[in-house]
Every structure is written in structure tokens, then in C-alpha cells.
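Some notes on the structure that comes next.
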Amino acid sequence: MLTIALESFLGAGPARDGHSLHSRGEEGSAVISPLSNLQQKGLIVISALALLSMFTTFSLLSFITYRFIFWRQYYRRYIGYNQYVVLMFNLILADFLQSFGFIMSLRWIAIDAVRATDAACFLQGVGLQIGDPMSGLFVLAIAVHTFLHVCLNYQMEHRVFVSMVIGLWVFGVVMTIIPIAAHGRYVWYPAVAWCWMTPEYENMRLWTHYVWIFASEFFTVSLYAIMFIQLRQKMSEAAVLGEHNSESLRRLKRVIMHMAVYPVVYICLTLPLAAGRMASAGGHSPSVLYFCFAGSIMACSGFCDSFMYVVTRRSVVVESEARGSSNKLSSRRNKSSAANQYAISADPKGPTSTIITRGRSDSTEEMIGKGGLELAPMGVVMQHTTIEVTTESAYEPTPSDIGPSKRHRNSIIRP
């Protein structure tokens, strides 16, 4: 029903560059019909894996959305302020759109052809165009967020963070609209086994798609390399800081390792297909078997990211807290600590000593949870600063200098 409605809305349209929209051909032709046995089997595998990814991503999106709405039953503070959860949610959403694009291959199996005039071709092109690079950009966003925490001890304000997320989606939508605005609906054409931009639009698919995939992979790997190098240096210096700091660094390393799984999986799943398309643009197109294999592993992205989220959420995501709330809590603790430790000697002959203790939580520990329960408090490393102010009387008071009322009060205060 959806494809029929879109066909009616979009219309058949003119033939592209003089090619018949009902001719038989390979990549760049309006129709690939009938499908070869290899294409049929490859599309079956791709569709099955896309269904698996769509089911897992939809289930996870529903679960997180439920927690966003009914957060009071599970968390002390609104889970939407947890930036890791929001980034994961958007990554899974991008994977869902990608799996939606691949699942259109069920249409090609049903009609034993890939047709540019079919609305499923347009939907497939749009789903893959926005899903593939947006997955990479949110993997990069997770890397940037982790880098700011670990290396710069910084967390973005909530408004800035929300603006960044919205900006990424606006960018993805613009990169999807540009090819359609430039070349019309038939920018998506049969490409080996599904609909995609053909080598005829090499510059368009490079600058609106693949350059962002490769850039995301490069900068993500670079950021995690910097984090691992810095963490290695910290761990080598931990011997002089004590056993507790060493344990904190080991826990931090475990968090970084968990977060580093996402770019590793993204690169492994997307690089084969991206490399194949770039080879096609250079005139060295891989075989149909290669594209079917590359498409199959890319269709697994949603399932893999969902699985990793479920495995790592307790140790990395659920326990993380925004710096703003942590700082407020730390401030309240500091005031209480100062109030409890503020003491003044009442003996005028003795020194007056004021001791104020100030605590500050290590922000890198905010990302790490100790407890197995979601509401368990996070472990923090407290850094104490002690200020001692000592005052003494300028002269020894004589009994005549102290009035009767003062002597009476001092006799009460002195132990």
C-alpha cells in the first residue's frame, strides 16, 4: 500500500538521460529483470538481516522512549539529561532508518526485478542515504563526548548538546535532499542488487555520502587513539598515586574499551560496501557476490549496535550522570562538610583554628558505575583541599581587661 501510494504521489516521471525506464540492464539501468540466482539469494540474506536489525532497533527505541516518559519509576533524575543515553538513542534511530532502506529489498524479491519506477526504489535510496552516514556521525559524536570527558574533563551544557544533536539531523536531512533537488527522484537507480546512486553521479554520492562515512571513521579512530595513549600514560603514573587511583583508571579503561567497540563495529560493517562503491566509481566494480556480502554485513548494523547497548548499558550508560547535577550535589556536600568541620576555640589564650574541607569529584568517574542496580550511587574519587587559618592574640589579657560577664562566659565555654 505504501509503495502504491508513493508511486501515485511521485508519478512515473521522465526517462533519465534518454534511457528507457523499462530496459533490462545492470548498474545504471532503469530495470534489472529478472534477477539472477545470486542476486535473489543475496537479497534474501540482506532482507532477513535487515528484518532482524529493524526488530531489535525498534524494540530498543521503544524501551528507551518508555524510560524517557516514565523515568521517575527507574531513576533519580530525568534520563534525558544523560547525554550518553541520548547519543545511543540517536545512533539506534539512524540504524533503524538504514535497516528500513535495506528491507525494501523484499519488494525486489517479490517482483523478481529492481525498478527505478517503483516507489520502493525511492524509499530505499532515501533510507540508505540518511541512515549510513548518520550512523557514522553519531558514532563520532559518542567518541567526541567520551574524549571531552576523559581528556579535557569537560561536558557540554544541555542546551549546547541538544543543539548539536538537532544540527546533526538537519545536516543528514540536507545531505538527503541535495541529490533529489539536483537530479529529481530518479537519482536513485538500480545498482547491482538494490537502488542507489550510480557511478554517473560520482561526485554527488561522494560529497553527500561517502566522504562523511570516511571522515567519521578517521576522526573516531584518531580520538580513541589519543584517549588510549593518554590513559596509558596515566596508568603508568598511577603507581605513585595509590591503589585507589589505579583502580579508578582501570575502570575508566574498561569504559573506554566498551565505547570503542561502537566505532570498531561501524568500520567493520560499513567499510566493505563503501570501498566497493568507490571502486565502482574508479571503473573497477567488484562482483555481485561481493556487493551482496557487503550489503549483508551492513544490514547487521542495527542488531550489533542494539546488542552492544544492552551488554554495556549498566556499566557505561545507565550510571553516567550529567556534570551539572553532579556539581550541584558536590556543592551541597561541600557546604555540609564545611559546616561540620568548622570549629573555633573559645579560649582567648589559645590560637583560633578554622579548618575548611572542600571536596571535588573526579569527572572521569561520572561515566563509571559500580553498582549492579540502576539506582545504585556512582563511585567518585574525592580530592580534598584543606585550608587552615590560625590567629593568636596580640597581647596577653589581664584579669582586669576581662569584665565580669566575659569571665563568666569563658568559664562556661572552657572545658
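Cβ atoms are placed via backbone N, Cα and C, with glycine included.
The compositional bias 'Basic residues' annotation in TrEMBL covers 405-415.
Sequence annotations record features per position, and here TrEMBL assigns domain 'G protein-coupled receptor GPR1/2/3 C-terminal' to 248-314. Averaged over the domain 'G protein-coupled receptor GPR1/2/3 C-terminal' (248-314), the predicted model has a pLDDT of 86.
Summarising the annotation, TrEMBL assigns region 'Disordered' to 321-363 (among others).
Annotation comment: TrEMBL describes 392-415 (among others) as region 'Disordered'.
Under the heading transmembrane segment, TrEMBL lists 43-64 (among others).
Among residues of the same chain six or more beyond the transmembrane segment (84-110), those with a C-beta under 8 A of the stretch's C-beta atoms are 3, 35, 40, 43-44, 46-47, 49-51, 53-54, 57-58, 60-61, 64, 118, 120-121, 123-132, 134-135, 137-139, 141-142, 145, 161, 165, 168-169, 172, 193-195, 262, 295, 298-299, 301-302, 305-306, 309, 313, 316-318, 320, 367. For 84-110 (among others), the entry in TrEMBL reads transmembrane segment.
What TrEMBL lists as transmembrane segment is 130-148 (among others). Proximity of distant same-chain residues to the transmembrane segment (130-148), defined by a Cβ-Cβ separation under 8 Å and at least 6 residues beyond the stretch ends, is recorded for 83-84, 87-88, 90-91, 94-101, 154-156, 164-165, 168-169, 171-173, 175-176, 209, 212-213, 216-217, 219-220, 223-224, 226-227, 255-256, 259, 262-263, 266, 270, 298, 301, 305, 367.
The transmembrane segment annotation in TrEMBL covers 160-182 (among others).
Per TrEMBL, the feature transmembrane segment maps to 209-229 (among others). Listed as Cβ neighbours of the transmembrane segment (209-229) (distance under 8 Å, sequence separation of 6 or more from its ends, same chain) are residues 129, 132-133, 136-137, 139-140, 143-144, 146-147, 150-151, 175, 197, 256, 259-260, 263, 266-267, 270-271, 274, 277-278.
The annotation transmembrane segment is assigned in TrEMBL to 255-275 (among others). The list of residues near the transmembrane segment (255-275) in space but at least 6 beyond its ends in sequence, with Cβ under 8 angstroms from a Cβ of it, reads 91, 132, 135-136, 139-140, 142-143, 146, 150, 210, 213-214, 216-217, 220-221, 224, 227-228, 231, 290-291, 293-295, 297-298, 300-301, 304-305, 308, 312, 315-316, 367-368.
Non-local neighbours of the transmembrane segment (287-311) in the same chain are 36, 38-39, 41-43, 45-46, 49-50, 52-54, 56-57, 59-60, 88, 91-92, 95-96, 98-99, 102, 132, 135, 192-194, 258, 261-262, 265-266, 268-270, 272-273, 276, 317; each lies 6+ residues outside the stretch with a CB under 8 Å from one of its CB atoms. Feature annotation from TrEMBL assigns transmembrane segment to 287-311 (among others).
Counting only same-chain residues 6+ beyond the ends of the transmembrane segment (160-182), those with a CB under 8 A from a CB of the stretch are 83, 86-87, 90, 94, 126, 129-130, 133-134, 137-138, 141, 197, 201, 204-205, 208-209, 212. Look at the domain 'G protein-coupled receptor GPR1/2/3 C-terminal' (248-314): DSSP puts its residues at 59 helix, 0 strand, 8 coil. If one looks beyond the transmembrane segment (43-64) by at least 6 residues along the same chain, the residues whose Cβ comes under 8 Å of a Cβ in the stretch are 35, 85, 88-89, 92-93, 95-96, 98-100, 102-103, 105-106, 108-109, 193-194, 292, 295-296, 299-303, 305-307, 309-310.
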